[in-house]
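For reference, TrEMBL has these:
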- 96-296: domain 'FtsK' (DOMAIN)
- 119-126, 479-486, 771-778: ATP binding site (BINDING)
- 456-661: domain 'FtsK' (DOMAIN)
- 754-937: domain 'FtsK' (DOMAIN)
């Protein structure tokens, strides 16, 4: 009795249970039996879906899979015999027989190693390829079969298969980039070389012998297995790169012994371009084609055209090397997955059921009170609902199971994603991969080795982290505008900061780019960064770096018995056996310049550019490095001294320094951070922020957050910040100045060493101070007066003040002042009288030349203080009220005479440079203090005024060069209300 209900009379049971199936499958079966053709779209859809389900179930059945959800692939992987290697079911013949594809060589009774598949659009070619790929993955373990998929049509035909542990990668979108075509060729050539190298190393002729030795127990041999290249729309590849035909010919020829198999799929066989490869193909699959000619080119006969005109998708002919044609229809694995339905008794047989625990003993135990009654009711309610668009497919369910089963299996990846597919490469990913530790496991000293990006080496099938060593080198970084130079520069700095303590490495920065260097200001390693437009701070940064070099140059040579060099300094200060060294508060110092061309074109900073080049030339021996970023290599003056280079995309490939100008042409323009490394391999620079901040509002915000976190981490480890850049104060009192060197009249603080500066009367007996109204000229003179009183007694120094501006009356003690004149006539008369007395200071005429040279009588120094020199010179004349003193001023060093004057900078060339007194001071030797003024005026030796706060000046001396200074406030200083200061 057949079961027709869920209940049965007591004492009876059903003799048979009818099969059940989904509604659409039952309808498809009925129509098939009735030879009924659906007449509306809904009926056609139901029939098609039922057909797809049946094709998917046929695939599972052919592979012995009952329920794909619980299927264990490793069971099938462990049952492969030599005869079954590379042999998979691909469909069914019209008689219902399973059709197999065996791509082993003929010597192993296969139809391989290479073949073709041809079919027009809509023939089911791509689905057939997917069925083959899934079949190889289902039957063979990843170490036995690796698959490389090529989708040259760019339609994502293999989407979803990339997660298979067997799949080495999906090569697609080659038409967008010539570089990607190069990658594909290099990858193939690299794999041929790799396999040959492994075989030669271990002494095997081919992979068959190699794998046999592995199977026999050679644990020292890594898996090679078979590599199957599944290339969809291969003809498209040949259109993009015709010379790839030769590469594929070589791959096919060498692939026989190397176990490399090619399945070439196209809409038509391009006999001309593919002639070499076609000659090596031993089987062909022909699906529906457009005409008889294409059929004959594909399978050697017109049957793919004649017999398959009205055949459903997936219908094909298989033609082996003997020309035998076998018709079949491929499985379809992209259709909906229908789980098998189990009734309770079947589930019990498969899964078992619960019995209560019972004590085991010798006594007879009663049967359990209740055993689950067997019922023939189905375990699950049958669902006739049509599967939705998101329903699982046979392929997706199997891919999930295969991915889980192969997750821990080692494999060699051939095709790695192109660098173009990387949106951003966070710095922590680079640090962790290169050093093999979490990014926040800081080390105080990594030897100045800096990982900064990832290179692409398709020949070696690798994308390794690239680094630079900066222990004994300067670094240059070049790239076209918008190529990512500022980002790469900060990446180098961030990588150094993550791997070196703030006492080991310090940064000074000059930012002539987009101002992004300031996003690193929170790093404890950053001493100071000056941005474009802040000329004073720019000079201060360079001066501080120069100070460190001078200090080390002076102290290292004099240290101990034999002095020390850089390696000894590093070992003693940072090594395991530390010893005392001259301490300047720094370790290895990096002066970082973003867009050095922006500095070079600044006329006002020409001297800074020259000083920068001097540091490049001579600071390395003292642990001071320069890192420069620029648009071009050729415009960097000291480019040859930048022995380590990072190159991004160049505006003109001919400017590339990486050794492959052809490769430089193909660096993408639409991806910042892309460039080349030495040898021409492509590279992507990392970004200077952590993965966790990648979603921040901007790159700058992410970098700032990363810098703050790095700073906190170093603070937690007990490291203090590096010394911050000291800048000149806006005001400083004379009484706060440290003592000056003997023989100097101190007047302020200089940026070069951030210490006292003064007039060296032994080298330059005179000085003139130039500036606009209220720039600090009178303040300078009063400060000099204070210095005279501090340095000399009234018996050692006498002060003559010519003060037509009436500003110096209270500047000097009356014990020092011997002359004070405010009118032109009085000043002229005093100057004439002084000229006579200065004549008496010359050596007597009766002395021999030797006695005159040695003549040095003890007498007070005369200091002539003038405010303002312009007021002593009539308009339109170069004759000053001080004209009688010109001769004495020129030879003042022998007369103990010093002229110190203030003058307006306005119209300096006519009123100052042509002034006979100024000329005499220059002849005799004069220091110059240049305050605020018009940049167009040149005061002395290209030193110009600039927009400056009162008291800020450029101090020039012939011996000491120039430096920025700030004039100290004299004791009791109060700026006059109506006069300049």
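Glycine residues also receive a Cβ, built from the backbone N, Cα and C atoms like all the rest.
Automated prediction, rather than curation, is the source of TrEMBL annotations.
DSSP assigns residue 119 (ATP binding site) to coil, not to a helix or a strand. Around the Cβ of residue 486 (ATP binding site), the same chain contributes 513, 514, 516, 517, 594, 629, each under 8 angstroms and 6 or more positions distant in sequence. On the 0 to 100 pLDDT scale, the model's mean across the domain 'FtsK' (96-296) is 90.
Using a 10 Å radius centred on the Cβ of residue 119 (ATP binding site) and all shown protein chains, the other Cβ atoms total 30. DSSP assigns residue 776 (ATP binding site) to coil in the three-state reduction, placing it in neither a helix nor a strand. Cβ neighbour count for residue 483 (ATP binding site): 25 (other Cβ atoms within 10 Å of its Cβ, all protein chains included). All protein chains shown were included, and the count of other CB atoms within 10 Å of the CB of residue 480 (ATP binding site) stands at 17.
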